[in-house]
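Worksheet for the structure shown next.
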Amino acid sequence: MGKKRRPPMRVLEDVVEPRAKIVKTSLCSCTFIKLALKTLCLVIFYYTFSIGLTFYNQRFIHHFKIPLSLTMAHLVIKFILAGLCRCLIQMCTSKERVTLPWDMNVKKVAPTGIASILDIALSNWSFEFITVSLYTMTKSTAVVFILGFSLCFRLEKPRWSLIFVVLFIAGGLFMFTFQSTQFQLEGFLMVFAASILSGLRWTLAQIVTQKHEIGLSNPLDMMFHIQPWMIVGLLPLSIAFEDVSLVLRNAGLVLLGAVLAFFLEFSEFLLLANTSSLTLSIAGIFKEICTLYLAATVNGDKMSFLNGLGLVACLAGITLHVILKAVYRKTDTKEMSHDLEMLIRNGEANVDSDDEIDVFNARTDR
């Protein structure tokens, strides 16, 4: 007599119930609550300066038409502020700040700096041609490129649920901005290229800030080392295409924007060092929703039913990401504990078991 088959619903319960218990345990744990509160504070800090700088840049660039020169001025002032803050901290703590040697600076920081400045420059330049809605809709694709680069560099594990969340959020944001855009090819190509570079930028930045042997986990140290490469990358374009003297004539306004840009970059690297490039991108998507909501409130832009549906989809995707992150964090911790137990039993140490790769070298320097 053959083995009796179990009802399909019973099989489904056996699969869903253990996973539901993991979700419940993860969300109610003290570790998750502390992590959630910490991440929330970092995100709010990031939102404050990001939204403020978005409105500032939009108005300044529309009026003066010098996005590259404005960005260059911000870079110089951010470098000076980062250096001053490092000096003050060193004087107060009597601990010398990290300074990378030239070869490591070129190999580790330069690629991140070049990708960063091309992303920022193209994003700001596109404001001359396109609306905030089209900019937001196109830049939302950055989360897809971040996922691609993160999988390529093995910063994220390839899970179908992760891909589903990213596409869900990107699709929701597309619906949220769909009917309020005015298409312009030149500006669209600029911001789409910026989205690709943004994926590379934040993936490389995550590697640099979270690799302890480099020593740039502190946002001030990272900003101090990356600004010169950004200046080198932007200076030729700024001189070739724009009148730099307009920046000097509006030094007060430029200084205000530079302070906002300094704290924005500080908050970005602070959030990145404590989470991941994908979390930063998803937080940025919700920030864009807040920005568009404020723009609609201040400027009187109207939202259709499709826009509202897209907003709900974005919020649902972000919530799902938080839940899955808690679940997989707990699962990965259990797997690590099991692996450690097996090592102890075997009495052997797997010296080079880490799958992390160095994107700047064929092998990982340890």
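Just so it is clear, glycine is given a Cβ too, placed from its N, Cα and C backbone atoms.
Fair warning: this is a prediction, and the values are worked out from it, not measured in the lab.
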Would you please say which range out of 14-32, 90-108, 109-127 has the annotation transmembrane segment in TrEMBL? 109-127
Long-range environment of the transmembrane segment (68-89) - Cβ separation under 8 angstroms, sequence gap at least 6: 57, 60-61, 97, 117, 120-121, 124-125, 220-221, 223-224, 227-228, 230-231, 234-235, 237-238, 241-244, 246-247, 254-255, 257-259, 261-262, 265
Can you work out whether the transmembrane segment (220-241) touches the transmembrane segment (35-56), with the criterion being 3+ CB pairs under 8 Å where the paired residues are 6 or more apart along the chain? no
Applying the under-8 angstroms CB criterion, which one of 35-56, 109-127, 247-266 scores highest with the transmembrane segment (133-153)? 109-127
Excluding the flanking five residues on each side, which residues at least 6 beyond the ends of the transmembrane segment (109-127) place their CB within less than 8 Å of a CB in that stretch? 57-58, 61-62, 67-68, 70-71, 75, 100, 135, 139, 187-188, 190-191, 193-194, 197-198, 200-201, 204-205, 208, 216, 225-234, 237, 359-360
